[in-house]
Amino acid sequence: MRRFLCVGAASLIVLAALSSFADPTFAANDLGAAEKQAINPTAIIMFLIFVMGTLGITYWAANRTKSAADFYTAGGGITGFQNGLAIAGDYMSAATLLGLSSLVFSTGFDGFIYIISFFVGWPIILFLVAERLRNLGRFTFADIASYRLDQAKVRTFAAIGSLTVVCFYLIVQMVGAGQLIKLLFGLDYAVAVVIVGVLMVVYVTFGGMIATTWVQIIKAVLLLGGGSVLGILALAYFGFNLDFMAAQAVASHKAGIKIMAPGSLLADPVSAVSLSLGLVFGTAGLPHIMMRFFTVPNAKEARKSVFVASGFIGFFFLVVAVLGLAAITIVGTDPRFFEGGKIGGKIIGGGNMPVMHLAKALGGDLFLGFLSAVAFATILAVVSGLALAGASAISHDIYARVIRKGKATEKEEMRVSKIASLALGVLAVVLGILFEKQNVAFLVGLTFGIAASANFPVLILSMYWKGLTTRGALYGGLTGLISAVVCVVLSKAVWVVVLENPAPIFPYEQPALFSMTLAFLVTIVVSKLDRSASALRERDAFDDQNVRSQTGIGASGAVAH
Amino acid sequence: MSNQIYARVRQNANYGILVKKRGRLAFILSALVLVSYYGFMMVVAFAPSLLGRPLGEGMTLTIGAPIGAAIIIVSWLLTGVYSHFANGEFEELTENLIRETAE
């Protein structure tokens, strides 16, 4: 049964690829945002190898996924180093490779500031939450938030917070995937989105966390390898002289020397601080990232995994900065990469493409094919992690704990989780197709803003503050969730660009400074005012919880196979 | 049962030492990362030209480039510092504590 499904999914993809090959009219009736390119056979072959390999792993993982613990957390049997690579694979999305490098390409130093901001959350995660996450949690973020609070209420809230983040982030990834694949592989947008959705559901439902982890590890290695090779080629182009690369970039860029200093992107201090708060603390509130800490056997491995992950992520981000800088000269002065051959005009394939063009300029079609396949693999790994986090919020938190009040059997819970991941797959495909023509850039800010405003305050206060009560967590968390969404809807990205109103009501681009502060404030004030009997019990339970979070006594251990 | 263990752990003097020492290290390292990062962001917001000075005579790279790279590299090294102590000295303290308080 399982084998048939894996084979079925593989043949579906081959068919989809071949049908696009066979259909010479596809380019004519296509009106999408990204221009569809000619079929790139190298890219498709390399991607098919990746898909076959990962489906093989999924088949192997499916035989090892017997219990709920196997499904959600790979039985806690992933080593710190493996988990570090998988975390890096989860976090280095296609958006970081394409988006951050193109930001450096277009704005220079401002892009570098974004890169730094995306990184700084990692040490904070290690110092403040990693080991406590491992010691307190079993399967989901809600395990920790509801540890000493009202199970039904706080779990429901935490699950909603997780699902909101997962859904918004899925839209970003699916739309990005559709456009990227259309461009790089010459496949139809809808076909691309369906392929991503099908593969994601196959990995998650059959292989659970074991398969998802290995998909992420393989993808991380490919991305790090591909990025490094491209980085070395770029440095070699400038004689391994970074200053020469910078001088050439300044000479090629229309802003000239201005690209070497902070510019207009972060000129408004309020937006800059708000953005950085969202990125730094939102990272710690992403459910698919938190979930990765439950896959290692103990706190020691959890710490090791952050050290490994942040090393790889930091290295990769520095490479991305170099790639963006190199692209300013190599891509920015080559008419092949501009529409109509007009240098300084529109980049072929849209603003996210400089790093792909750089791959073609330095490594030819073969390397471009390789990097395209890696980008596709990257998206698959990230959406799989998201789908698994979303499915566990539905099956473990809402179904098993809230609806069945812990009385569901493991078998029932796993069945629900598989149905949930299928449902999330369908939802992701539908949303991906609905949002095809939308500019989804604002959703990245919204995702991190919600994670920082709804999940992070409740998470950190439940671990660190004795005074937190159920009422405080609910009011504060909901305040953060709602205010983050409202701020973004009233900001320029949605109110003006999507809803076509003349002026934004909320004047800043990023919500976190306001919504996160408000969430902390409401949580603390409501908790302080809470004089109920249950609040007393919840405060009393903190000391025992703290012993567990500090020492790991009573924490769920690894399952031996 | 486990409540009794938790109570015994809390009464053990080594628990207080562990929590205090590890907490202090985590606090100091977090402060280092956050202060240097937000310090950098404040310079970006209020005195961007400071970061735009050339790195040396006749150079195009500005001092902002190595400072930014240093924030990434140093904060990664700090995760190494934390892991070294938390997985070494503090892990030993924790293991002793668990041994002492187990039945």
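Glycine is no exception: its Cβ is also placed from the backbone N, Cα and C atoms.
Not measured: the values here are computed from a predicted model.
Feature annotation from TrEMBL assigns signal peptide to A:1-22.
Residues or ranges marked as transmembrane segment by TrEMBL: A:43-62 (among others).
Under the heading transmembrane segment, TrEMBL lists A:111-130 (among others).
Here TrEMBL flags A:157-177 (among others) as transmembrane segment. Non-local neighbours of the transmembrane segment (A:157-177) in the same chain are 93-95, 98, 140-142, 145-146, 192-193, 196-197, 285-288, 352, 376, 379, 382-383, 386-387, 389-390, 393-394, 397-398, 402, 424, 427-429, 431-432, 435-436, 438, 440, 443-444, 446-447, 450-451, 454-455, 458, 473-474, 477-478, 481; each lies 6+ residues outside the stretch with a CB under 8 Å from one of its CB atoms.
Residues annotated as transmembrane segment in TrEMBL: A:189-214 (among others).
Long-range Cβ contacts of the transmembrane segment (A:221-240) within its own chain (Cβ-Cβ under 8 Å, at least 6 residues beyond either end) map to 50, 85, 88-89, 92, 97, 248, 312, 315-316, 319-320, 322-323, 326, 329-330, 355, 358-359, 362-363, 367, 370-371, 374, 377-378. For A:221-240 (among others), the entry in TrEMBL reads transmembrane segment.
Residues 72-73, 76, 83, 86-87, 90-91, 117-118, 120-122, 124-125, 128-130, 133-134, 137-141, 161-162, 165-166, 169, 266, 302, 305, 382, 385-386, 388-390, 392-393, 445, 447-452, 454-456, 459-460, 508-514, 516 of the same chain lie 6+ residues outside the transmembrane segment (A:272-294) yet bring a C-beta within less than 8 angstroms of a C-beta in it. Look at TrEMBL and you will find A:272-294 (among others) tagged as transmembrane segment.
The transmembrane segment annotation in TrEMBL covers A:306-331 (among others).
Same-chain residues lying 6 or more positions outside the transmembrane segment (A:366-395) and placing a CB less than 8 Å from one of its CB atoms are 40-47, 49-50, 54, 72, 89-90, 92-94, 97-98, 139-140, 142, 158-159, 162-163, 166-167, 169-170, 173-174, 176-177, 180-181, 184-185, 196, 199-201, 203-204, 208-209, 211-212, 215-216, 218-220, 222-223, 226, 229-230, 287-288, 290-292, 355-356, 359-360, 413-414, 416-418, 420-421, 423-425, 428. What TrEMBL lists as transmembrane segment is A:366-395 (among others).
Annotated transmembrane segment per TrEMBL: A:416-435 (among others), in sequence order.
Annotated transmembrane segment per TrEMBL: A:441-461 (among others), in sequence order.
Taken from TrEMBL, the feature transmembrane segment applies to A:473-498 (among others).
Per TrEMBL, transmembrane segment is recorded for A:510-529 (among others).
With Cβ pairs under 8 Å as the measure, the transmembrane segment (A:510-529) is packed most heavily against A:473-498, out of A:111-130, A:189-214, A:441-461, A:473-498.
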